[in-house]
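I'd like to ask some things about the structure below.
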């Protein structure tokens with residue numbers, strides 16, 4: 001099965017992201033607004049058991065995750081993805097690194113740029129138009145997130161949550 | 001915020017359900033195929049903390065949940081919902097009961113008929129046509145489920161998983 005690891009931002013940020021995703025993101029119906037922590041990977045039932053144990057261990061050592069968003073950005077010219085940029089922080093960086101080391105032998109395809117995609121698969125003209133407007137907008141969210149999720153993909157491309165991992169040592 | 005409690009059947013059942021939901025279920029894009037354990041209810045941040053603690057306690061006392069599906073059924077004439085019928089079992093019954101007692105003061109609107117919806121909001125003609133075909137089909141799934149989920153609803157009507165609760169004492 002195909003698995004992925006992601007975190008969901010708080011509801012206010014998800015609602016904000018969806019107001020754009022509805023029009024611009026072809027994955028709108030497949031998964032809620034999210035920050036990908038580890039790209040989709042294949043694992044069988046036995047491997048997933050090991051992965052879940054490892055994720056519990058990693059989560060137990062992870063602090064609450066700051067999520068500061070101050071602007072829209074884009075991966076152009078690599079692709080036409082438009083996203084809400086998450087300010088890099090040590091907690092996210094370390095978490096990402098841990099998800100690509102130890103038992104995780106695959107390597108990240110790109111440098112880690114934490115983000116919430118709000119547009120993709122746009123034509124060049126549409127991309128230029130939409131991004132031209134969004135990059136002028138001011139955005140400000142400052143939140144913390146206390147959990148991330150392991151998800152698996154269904155045949156129709158949508159994602160179902162398999163398990164939640166809570167972070168932040170002060171949690172009860 | 002609006003919350004709900006549901007379980008997701010294994011991937012094979014979700015894929016099977018989606019092959020129908022895609023055409024017949026207006027909620028197809030809002031949530032993966034699921035069995036509703038507790039209907040949507042409102043709770044604030046403080047109440048949810050209490051609810052999460054209670055759900056952990058309930059989950060710890062719950063056995064693995066059998067999921068046996070042998071036919072399509074329908075809520076007609078109450079409404080035109082078509083669903084995969086889950087054979088009632090003691091574990092599901094008790095879990096449902098616990099989600100409507102103790103700290104949960106709301107009462108179930110209907111008798112508990114565990115099911116996975118695969119069609120809704122169909123016209124009477126379409127309902128008759130589709131259900132006429134489906135009720136002749138044989139279906140057979142026999143699985144167990146080792147977790148259920150607390151979800152919350154976004155402004156667009158879609159559901160995001162808040163937390164997973166694992167059941168089944170023999171689990172590591």
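Glycine residues also receive a Cβ, built from the backbone N, Cα and C atoms like all the rest.
Automatic prediction, not curation, is the source of TrEMBL annotations.
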May I ask you to indicate which of B:30-33, B:34-37, B:38-41, B:42-45 is given in TrEMBL as motif 'HXTX 1'?
B:34-37
Between B:107-110, B:111-114, B:115-118, B:119-122, I'd like to know which one TrEMBL lists as motif 'HXTX 2'.
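Range annotated as motif 'HXTX 2' by TrEMBL: B:115-118.
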Here the active-site residues are B:34, B:115; which one has the lowest number of other Cβ atoms no more than 10 Å from its Cβ?
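Ranked by other Cβ atoms within 10 Å, the active-site residues B:34, B:115 bottom out at B:115.
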